[in-house]
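Engineer: Structure in structure tokens, see below.
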Amino acid sequence: MTNRVLIAEDEHRIASFVSKGLRSNGFIPTCVADGQSALEVALSGEVDLLILDIGLPDLDGFTVLRRLRGAGSRLPVVVLTARDGVRDTVAVLEGGADDYMSKPFRFEELLARVRLRLRPERAATAEPTVLRSGDLALDLRTRRAHVGDRVVDLTAREFVLAETFLRHPGQVLAREQLLSAVWGYDYDPGSNIVDVYIGYLRRKLGAARITTVRGMGYRLEG
Ligand code: CA
């Protein structure tokens, strides 16, 4: 199994958000909060991928990346950058990063990159373009939803919420889980936005489509 992910991030909130998300998707995350530790663990051969923040104490992400590649390591690296600057992006890719994410990001976006970098051949061919549950179909390329032959107009956020359900068939998804999957870590956990959007989806896809499981969350009915 190649599922051990090292998270080098000094912001506890982000490290814990990423770590929880990865664990619930079958990965084994390890967290470090400074560049020196990141480099040591990355070179130990005990991880399969590195998620590397640029702004780290001791050694910054650029230095970690340079030393890692300088030591001959080909460990896949996904860089997290707080800055949206084109210069940083070019610099991390030239520095040997495989991919990057600008903060803030949604967990699902990071997860897709992690999967792609861990299994490049499989991810390229095995990723479905249409997700289905009963008569509901989501086309991931056109971002359109269909119920039977009918096209349903979903907003970008509604689409991602529906997609999250379809990627976890039959599972009860907690409000907190949906919040972090769809809205990212930059959202107030006390917010009722999930419930509001579940309401929108029920209106558009049929009220019986999503069941409330009291005290636990929501489930998509197939
Ligand atoms: Ca940082």
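We count from 1, first residue shown onward.
Glycine is treated like the rest: Cβ placed from N, Cα and C.
Pulled these from TrEMBL:
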DOMAIN    4-118  domain 'Response regulatory'
MOD_RES   Asp53  4-aspartylphosphate
DOMAIN    128-222  domain 'OmpR/PhoB-type'
DNA_BIND  128-222  DNA-binding region
Engineer: Let me know the model's mean pLDDT on the domain 'Response regulatory' (4-118).
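Structural biologist: On average, pLDDT over the domain 'Response regulatory' (4-118) sits at 91.
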Engineer: List every residue in the same chain as Asp53 (4-aspartylphosphate), at least 6 positions away in sequence, whose Cβ is under 8 Å from its Cβ.
Structural biologist: Ala8, Glu9, Asp10, Glu11, Ile14, Gly61, Val79, Leu80, Ala82
Engineer: Go ahead and report the DSSP secondary structure tallies for the DNA-binding region (128-222): helix first, then strand, then coil.
Structural biologist: 36 helix, 25 strand, 34 coil
Engineer: How many helix, strand and coil residues does the domain 'Response regulatory' (4-118) contain under DSSP?
Structural biologist: 53 helix, 24 strand, 38 coil
